[in-house]
């Protein structure tokens, strides 16, 4: 485990390589985050991208939580019978 | 209501054959991350096919457990999501191995890590001193959010995070479509969402 950790590789030579990697990968990550894609695409710092990524993942987690609870409530009130399951499946496939 | 990346156009680029070939390639090396492979995986999350398969699995499990609580639904949702990844990513493997186990480990690790960080940051050169800690801190918090990725080196962590985000987006799209369908009483198919998103 320690061989893979960031900390075990801290020397100035490796840090320079990591900087390039950071900017490259961070710019790719930037493309995935909705807030960062619109407009000011080239002025965003790595730190900001990471922060927004974090916030975005957290908001997605929250959405999944809310949707899960909503689905459980809907399930309680409307049982999915065989017909409906078939409908859904035919819509999906 | 959330917006689901209206700019993206999934579907047409993915023929079933191409997806099958892609799957064979990505199943080879779970720990090596090439940018092109990562991109292909991310695109797969955005295909209609992937969403259909996921939705179908989720619906089936929900149908079998109509008294499911919100937590149960959520656990099922994440489990199926991890299954959809077919073991190609670290976060999906971590979920499958058990979210409870990961939670317990996290508490132990938090205490051990704080001391280790401070000692090991000192050898870094002066120029890097200001920059590294901030970015590293943020990388670490990001690592905590993605399952199983807390000790991952930079490149892999960002790859995992990208894939995880794409997967989560699909999950949200799917669950939204299902809940809309159920909310409408199951009688009318929701326009567009299930098929076109």
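Keep in mind that glycine also has a Cβ here, set from the backbone N, Cα and C atoms.
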Given ranges B:1-46, B:47-92, the stretch to which TrEMBL attaches the annotation region 'Disordered': B:1-46
PLDDT averaged over the residues of the domain 'BHLH' (B:119-168): 76
